[in-house]
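Colleague: Sending over a structure as structure tokens; questions will come in a sec.
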Amino acid sequence: MPHIDNDVKLDFKDVLLRPKRSTLKSRSEVDLTRSFAFRNSKQMYTGIPIIAANMDTVGTFEMAKVLCKFSLFTAVHKHYSLEQWKEFASQNPDCLEHLAASSGTGSSDFEQLEQILNAIPQVKYVCLDVANGYSEHFVEFVKDVRKRFPEHTIMAGNVVTGEMVEELILSGADIIKVGIGPGSVCTTRKKTGVGYPQLSAVMECADAAHGLKGHIISDGGCSCPGDVAKAFGAGADFVMLGGMLAGHSESGGELIERNGRKYKLFYGMSSEMAMKKYAGGVAEYRASEGKTVEVPFKGDVEHTIRDIIGGIRSTCTYVGAAKQKELSRRTTFIRVTQQVKPIFSDES
């Protein structure tokens with residue numbers, strides 16, 4: 001029977017954070033570092049929990065080199081060869097604790113993952129990524145990976161509801177990726193009509209995960225540092241970024257020059273371009289669920305990282321959180337009809 005859930009569900013654009021009294025004198029006093037103990041792997045994480053998405057135009061080795069300097073994390077895309085992994089690991093051993101090896105559910109993906117983790121034991125994180133994390137096949141795959149790698153920390157997704165977060169955690173995942181359709185180059189909501197507003201998804205999934213001592217990643221939907229802060233305020237343990245990290249020197253994607261301006265290609269991993277590149281084209285039984293865009297070239301990603309980190313520090317001072325850990329406890333969202341005045345920009 002069709003059913004309508006009449007509860008209001010909200011996105012990042014629908015809210016602002018209410019400022020609160022603070023004893024902080026400076027943004028520099030804010031500690032953005034988090035430490036987590038993972039439920040199933042029993043491993044520890046320490047760092048600033050922002051993750052470059054496992055897209056071949058974002059989650060590159062070049063990106064990982066820069067992000068690890070800031071104690072940020074990279075989910076490296078799955079299309080690097082074993083030899084490329086070995087070369088990177090030998091030249092950048094300090095980065096290995098701040099990255100994950102990614103895999104789909106295919107047998108060739110799993111074989112590649114096994115080879116990487118066996119060859120480079122310092123890599124302790126695995127990112128199991130499918131568009132639809134609700135399939136029984138995916139749940140069984142997570143169980144198999146947990147059985148094969150009992151001491152690796154497993155990220156798995158994507159889902160948007162509490163019951164599936166619980167299912168994946170109980171199946172062996174440590175960190176659940178939350179988000180269906182919010183990404184800037186994702187067209188799943190248009191092609192399928194399926195999705196969930198990201199802010200509400202994060203709040204509900206965080207509640208489910210934390211009850212089991214699990215963790216979540218807010219994956220997608222952030223277009224500015226304020227959105228990243230809102231995701232943390234809503235209870236996300238990690239925030240994964242794609243579009244915000246696209247278009248840089250360290251990003252993948254072809255560099256294009258037109259009329260004296262530089263652009264970089266950025267595309268979803270379910271887009272026609274990605275499927276042509278890695279699968280020989282779009283299979284007859286499926287539709288492309290991503291698009292390709294040209295992002296104005298932004299230069300070195302270091303400047304963007306500083307902007308994001310600076311924004312979150314400022315958020316913490318506005319709400320009186322001396323540590324990022326306190327941000328969700330200090331968060332009160334207010335519903336709004338307008339975020340910014342769009343007089344001098346295209347923002348709305």
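Heads up, the Cβ atoms here are built off N, Cα and C, so glycines get one too.
Under the heading active site, thioimidate intermediate, Swiss-Prot lists Cys186, citing sequence analysis as support. As annotated by Swiss-Prot, active site, proton donor/acceptor applies to Thr188, with the evidence given as sequence analysis. Under the heading NADP(+) binding site, Swiss-Prot lists 26-27, Lys78, 129-131, 180-181, Met269, 285-286, 314-317, citing sequence analysis as support. What Swiss-Prot records for Gly181, Gly183, Cys186, Arg189 is K(+) binding site. Annotation source Swiss-Prot lists GMP binding site at Asp219, Gly220, Gly221, Gly242, Gly243, Gly268, Met269, Ser270, Arg286, Ala287, Ser288, Glu289, Gly290. The annotation N6-acetyllysine is assigned in Swiss-Prot to Lys291 on the grounds of similarity to another entry.
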Colleague: If you measure from the C-alpha of Cys186 (active site, thioimidate intermediate), which of the recorded positions Ser26, Met269, Lys291, Thr315 fall inside 10 Å?
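Modeller: So far as Cα distances go, the recorded positions lying within 10 Å of Cys186 (active site, thioimidate intermediate) are Met269, Lys291.
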Colleague: List the recorded positions among Gly183, Thr188, Arg189, Met269, Thr315, Thr317 whose C-alpha is within 10 Å of the C-alpha of Gly243 (GMP binding site), in sequence order, or say none.
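Modeller: Final answer, ordered: Gly183.
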Colleague: Taking DSSP three-state, what's Gly290 (GMP binding site) in: helix, strand or coil?
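Modeller: Its secondary structure by DSSP: strand.
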Colleague: Quick one: which of these recorded positions, Lys78, Ile180, Gly221, Lys291, have their CA within 10 A of Arg189 (K(+) binding site)?
Modeller: Ile180
Colleague: Hey, does DSSP put Ile180 (NADP(+) binding site) in a helix, a strand, or just coil?
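Modeller: In the DSSP reduction, Ile180 (NADP(+) binding site) maps to coil.
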Colleague: Other than Gly181, Gly183, Cys186, Arg189 themselves, what residues in this chain have Cβ atoms within 8 Å of the centroid of the K(+) site's Cβ atoms?
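Modeller: Result: Gly179, Ile180, Pro182, Thr187, Thr188, Gly195, Gly220, Glu289.
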Colleague: Show which residues of the chain containing Ile180 (NADP(+) binding site), separated from it by at least 6 in sequence, have their CB under 8 Å from its CB.
Modeller: Ala131, Asn132, Asn158, Val159, Val160, Thr188, Arg189, Val194, Gly195, Tyr196, Ala201
Colleague: Name, in the order they occur in the sequence, the residues of the same chain whose CB lies under 8 A from the CB of Asp219 (GMP binding site) and which sit 6 or more residues away.
Modeller: Ala53, Gly157, Asn158, Lys177, Val178, Gly179, Pro182, Gly183, Met240
Colleague: Compare the Cα of Met269 (NADP(+) binding site) against each of the recorded positions Gly181, Gly221, Gly290, Lys291 and report the nearest.
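Modeller: Comparing Cα positions, the candidate nearest Met269 (NADP(+) binding site) turns out to be Gly290.
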Colleague: Measuring Cα to Cα, how many Å separate Ser26 (NADP(+) binding site) from Gly181 (K(+) binding site)?
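Modeller: Here the two Cα atoms lie 37 Å apart.
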Colleague: Near Gly181 (K(+) binding site), meaning Cα within 10 Å, which of Lys78, Gly221, Thr315 (binding-site residues)?
Modeller: Gly221
Colleague: Of Cys186, Met269, which of the recorded positions has the most Cβ neighbours inside 10 Å?
Modeller: Met269
Colleague: By CA distance, which of the recorded positions (Gly221, Gly290, Lys291) lies nearest to Val130 (NADP(+) binding site)?
Modeller: Gly290
Colleague: Could you tell me the C-alpha distance between Thr315 (NADP(+) binding site) and Gly221 (GMP binding site) in angstrom, no decimals?
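Modeller: Each residue's Cα considered, Thr315 (NADP(+) binding site) and Gly221 (GMP binding site) end up 18 Å apart.
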Colleague: In this structure, which of the binding-site residues Gly181, Gly183, Gly221 has the fewest other Cβ atoms within 10 Å of its Cβ?
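Modeller: Relative to the other binding-site residues in Gly181, Gly183, Gly221, Gly181 has the fewest Cβ atoms within 10 Å.
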